[in-house]
Amino acid sequence: MSSEELARRLQRKLDAEQRDTKPGSPAQTGADEEEPPPERPGTAVNGDATSELTEKLNRRLDIHDGTTKPKQMKVFNPYTEFKEFSRKQIKDMEKMFKRFDSGKDGFIDLMELKLMMEKLGAPQTHLGLKNMIKEVDEDYDGKLSYREFLLIFRRAAAGELQEESGLMALARLSEIDVSTKGVLGARDFFEAKVQALSVRSKFEAEIREEQEEKKRMELERKQRRAAFKELQSTFCS
């Protein structure tokens with residue numbers, strides 16, 4: 001649809017609403033016989049309706065022309081928000097989430113959760129699956145985001161899940177060890193203070209370990225490549 005046609009259609013809608021608000025229009029007939037119902041809070045008067053429709057018109061034209069400003073998305077960092085888990089634990093949870101996100105849309109919907117629970121050996125009823133999602137579905141979209149998936153393990157580690165619940169079965173059967181409580185889950189105050197002091201050094205140590213592992217793998221790859229070239233030159237000579 002062209003921008004001109006879109007503008008004409010919205011302008012006709014604007015004109016129709018303005019005619020309805022004029023005295024003597026069909027919408028106003030019979031106003032003397034009975035009082036109009038009280039205006040609800042937030043109901044737009046004529047001027048407000050005009051400005052609102054004008055704003056909608058401009059918004060639609062901007063969308064059509066591709067000149068709208070993108071919405072600012074909040075960046076989610078699991079390592080800073082879920083500090084009670086180690087990097088390895090979070091990476092294991094991420095692998096599990098991606099494995100069952102068969103649609104590759106960044107969410108686990110009802111059918112994908114059904115398949116997950118069947119694979120884990122704890123199949124759930126349709127109502128049970130809906131209740132599992134509802135328990136951690138903070139944005140009420142009926143599916144699990146990666147952050148909401150991590151909330152399952154946070155609540156399991158904090159002992160906030162019922163022992164026989166579907167979410168507890170998911171956390172227990174996932175083979176991801178979250179039994180060791182971190183700073184947020186520690187019950188002893190002194191222990192929590194000690195752990196708080198060591199979180200940063202532990203985090204940095206895990207990063208260094210990952211970097212060393214990458215260097216080691218790169219070195220092994222170069223050595224294999226050099227050995228292959230040496231073997232190849234031997235046969236070619």
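Note: Cβ is positioned from N, Cα and C throughout, glycine not excepted.
Sequence annotations record features per position, and here TrEMBL assigns region 'Disordered' to 1-52.
Summarising the annotation, TrEMBL assigns compositional bias 'Basic and acidic residues' to 1-22.
Same-chain residues lying 6+ beyond the ends of the domain 'EF-hand' (88-123) with a Cβ under 8 Å from its Cβ atoms: 78-79, 82, 129-130, 132-133, 141-146, 149-150, 153, 166, 169-170, 173-174, 176-178, 206. Per TrEMBL, domain 'EF-hand' is recorded for 88-123 (among others).
Panel annotation: around the domain 'EF-hand' (124-159), residues 76, 78, 81-82, 84-85, 89-90, 93-94, 97, 106-110, 113-114, 117, 165-168, 170-172, 174, 176, 178-179, 181-182, 184-185 of the same chain, lying at least six beyond its termini, place a Cβ under 8 Å from a Cβ of the stretch. Residues or ranges marked as domain 'EF-hand' in TrEMBL: 124-159 (among others).
Per-residue pLDDT, averaged along the coiled coil (200-227), amounts to 81 for this model. For 200-227, the entry in TrEMBL reads coiled coil.
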Worksheet, complete the sentence: Checked against DSSP, the composition of the domain 'EF-hand' (124-159) is 23 helix, 2 strand, 11 coil
